[in-house]
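If you check TrEMBL, you get these features:
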- 21-43: compositional bias 'Low complexity' (COMPBIAS)
- 56-434: domain 'Amino acid transporter transmembrane' (DOMAIN)
- 1-46: region 'Disordered' (REGION)
- 52-78: transmembrane segment (TRANSMEM)
- 84-105: transmembrane segment (TRANSMEM)
- 147-167: transmembrane segment (TRANSMEM)
- 200-217: transmembrane segment (TRANSMEM)
- 237-257: transmembrane segment (TRANSMEM)
- 269-291: transmembrane segment (TRANSMEM)
- 303-329: transmembrane segment (TRANSMEM)
- 349-370: transmembrane segment (TRANSMEM)
- 377-397: transmembrane segment (TRANSMEM)
- 417-435: transmembrane segment (TRANSMEM)
């Protein structure tokens, strides 16, 4: 549906990032005004009419950018929060995230008009906002805003890729090891302790060479659980926060999507319509999935599906889709890191270094998954560490920095500070709880990995 032009646009902006940052750092001794003018000197040309996307195309892109592997982990997230608190908190976090998306759009729109540019991405919005803020120190070091957002984008996207490894490995392990149990008659799973044929980490390493080759290519039963807790333990709620934020993984795509729309003035309508639909799906899947499987709910709801060829084929097809989506998630960090590294070597070594860096990044995501083979905890950790910063903490601060010199109201400043503090608390506490669970349960992994639900 026209996704290639969009990715090309994103890659084009990211490729110029380190070059512009380098120029800005060399001129850091200059005044803020000269820094702004030099950074914004090349005015980008208008979007080509043939490449512009229609309302429905942007809507589909918005859905795709927010529905991934984290979507399938929402039933466990609701289990961690409680049958009542989970859906309500999902709605609140969703509304907060959409509001922050709207803030980011307003800041970017204001800066494009001020700088007379056709498009600014998330990193540029952060840098230009800091250049206009009242603090002289922040104006002088505004380029570090770009560095921070770029680093968070890299961590987030590579975290998604690591989650993909674990998702593929867990589902592939179930499909392979349950083949002799599978029949045409679908039967619900029951807890059964059995010896695992191969460790999950073996399947991660099996997938590794195929994903390396991929990224080198360039150019219904009625729920019957009535005794589920409405409110869960506050410690598991912190894991819920990380998972919930992780699922809203399309924050970085909001600005590129608007820039590619044929009628950008209609984008707010697409955003609110699309995200309302996404939040509705999140609440439905999380709540009904938890009600259906109860205390047996696993990190991905596909691991709870009954054993029969119908559901095994569902897992297989979803895994194939996730396999090829890996390259799309990998595109963002690759287009930030690879051009920067390649620019440091001679042209004769450019291709070799390009392929080597891409291979190393894929191996990094694989080895990260091998070292921490807990899908639910990795999702919560990535969501707490980087997704919360990109989705909730940074946008309100950008609004203050961008509009402070234009008589922004005190109520707006207080609201933005409260949102950022809330996001920061979730980031710190969620990260601590995810790391604590990892350290506490690492020595139980071997025993837990032999527990298969059939």
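Backbone N, Cα and C define each Cβ position, glycine as well.
These figures come from a predicted structure and were not determined experimentally.
Across 237-257, 303-329, 349-370, 377-397, 417-435, the stretch most heavily in contact with the transmembrane segment (52-78), judged by Cβ pairs under 8 Å, is 237-257. The transmembrane segment (349-370) makes contact with the transmembrane segment (147-167): 3 or more of their CB pairs lie within 8 A, with pairs spaced 6 or more apart in sequence. Most Cβ pairs within less than 8 Å of the transmembrane segment (417-435), among stretches 84-105, 147-167, 237-257, 303-329, belong to 237-257. Outside the transmembrane segment (147-167), and at least 6 residues removed from its termini, the chain residues within Cβ reach (under 8 Å) are 14, 17, 21, 68-70, 72, 122-123, 126, 200, 204, 207-208, 211, 249, 252, 300, 319, 322-323, 325-326, 329-330, 332-333, 336-337, 361-362, 364-366, 368-369, 373-375, 378-379, 381-382, 385-387, 389-390, 394.
Tertiary neighbourhood of the transmembrane segment (237-257): same-chain residues 6, 9-10, 13, 53, 58, 61-62, 65-66, 68, 70-71, 73-74, 76-78, 80-82, 85-86, 89-90, 93-94, 97, 100-101, 104-105, 108, 119-122, 125, 153, 156, 160, 267, 271, 278, 282, 332, 376-377, 379-384, 387-388, 390-392, 426, 429-434, 437, selected by CB-CB distance under 8 Å and a gap of 6+ residues from either end.
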